[in-house]
């Protein structure tokens, strides 16, 4: 059986499972559609949250970013997990106690202002939609590669699958589908890592193998990696090279953004009790940590494997020959990925060998001159292909490659579905029922939720075909916006007595200032060449546009407190609402109201 | 809501004490949260460079794995501590 058939088999079987579960768990009432009747166990909820959270960015992209940058990209690891501490301590239990369905409902009620609710809905829609566009782009690339169809065809197939279970299943369908997706994606991520860790370090646990000893040379793995990459003129893997201030701000932005993204927060509305909401965040992080503790090992080991493949005789010896790349089955992955246009090499000096090194390094330029090299000949290695190509690079069995295909798609699809649900509830529940047509029937609300989902998929698919930028840029915008608008409003709603005007002014200024900073660096509405600055030379000091969410959040807090101090304090009944949200007692009754 | 009126002012005061106990636990947890990630993982890494861990230093380990493990411990500690605090103050759910 060839690799294509095996991929098809694994992807097909996993999809049949997801759709089967969605049909089996079809939602009935509005309450079930949004929050699955609050009947979801914390462990189940944690697993679904993990699948929801870990998107194409975590699964496909993150280890590649770590592999080629090393220590400096630890920001992703800390940022995308540290946000769960903020969620668990500052938001989840109180929002569950509040007992409504959506984030903007809380903001509207707490700040007794339809305007506040509207601003929250707009922030949520913008953040979710940009995030889902990035996911759909990822869906297209992954489908295209593994089903060996064009990017466009891959994207359309993916859109149909997301539509099938998100629109017809609602939250309940999505919850159990996402449990299945979690199982598929975590197996797909860890199994190849276990194989590779055994090969390199003899340790079956990749997270431990990372700090273990390289079997071949007898020196610690990371020490060997540092040495090899340094000998080729690259930055030492474990050393710090970038700007420290930007590194702190970027980590903080990712953390706050995590705690401000609606599709994650919504999960905590679906547990039976306040006590369960506290546990749920912990369980979610347990399941996320299984991947996140493995990811740095995947990155480091892949970097080592790739470097050694190009320098089979050591970094001082001869580079790999073109003939070997074309004929040796161990190098088959290079031809496969070359077809996607994401990997490229060129024998510039015509010596029949491919020299992979950092041609910007002065020492390497000296060696290049002495040996007659004409620059780095591995001309293109897209970081996003690393995780998907990893099992092929390590010569793992075909079934592992098929499993990774299914896992990558599970990661992208589950997040897309969760975001679509957040979008549909923002439109039907907050915009339609909350603002435009308050006396809409339950049936009408459900219908508008489904129409909103279909429209969102159509828009995301269309923009996925003509993406405004790389997926990572789009995702960074989503995080920055959530961090700058939603998180501060929620936190102030629970922990302070900030009033309606303060909240609205804070959210608007945080949102707008962040949007403008991003547009100034990435182009207005992402139109190319309309940017005035670049992230290499940013407007404010060393703050890149991807790190600006944390600054936006601070602006939000500062404006909200100032405006609130100057205007009328909150009325007595809101004071009571704040007091009641702070204690778990009576949470069941609040939920039954709806 | 019914039990609130029956216990009157006592409950309101109890709620206040419960809340300040909660805020104290949150603050302590967040100090640890920031210390392991922004501290050990980034800003204080040079101070930890003398402590070797598997071919590199402790700061690298905190940045790539240690902080995540501490985050987990913090969330479970908070859940356990708060569910206990709920009972101490009699504010748990029925």
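Glycine is treated like the rest: Cβ placed from N, Cα and C.
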Among ranges A:369-387, A:502-520, whichever one TrEMBL labels transmembrane segment: A:502-520
Per TrEMBL, the range holding transmembrane segment, considering A:45-62, A:135-152, A:153-170, A:207-224: A:153-170
Annotated range (TrEMBL: transmembrane segment) out of A:98-115, A:116-133, A:314-331: A:116-133
Residues flagged as transmembrane segment in TrEMBL, choosing from A:428-446, A:447-465: A:447-465
Stretch in A:182-200, A:281-302, A:399-427, A:447-465 most in contact with the transmembrane segment (A:77-95), if contact is a CB pair under 8 A: A:281-302
Remote residues contacting the transmembrane segment (A:540-563) - C-beta distance under 8 A, at least 6 residues beyond either end: 243, 245-246, 249-250, 252-254, 256-257, 473, 476, 479-485, 487-489, 492, 496, 498, 501-503, 505-507, 509-511, 513-514, 517-518, 520-522
In contact by Cβ distance (the transmembrane segment (A:247-269), the transmembrane segment (A:116-133); 3 or more pairs under 8 Å): yes
Two-stretch contact, the transmembrane segment (A:471-495) and the transmembrane segment (A:247-269), at least three Cβ pairs under 8 Å: yes
Seg_contact(the transmembrane segment (A:281-302), the transmembrane segment (A:447-465)) with at least 3 CB pairs under 8 angstroms, min sep 6: no
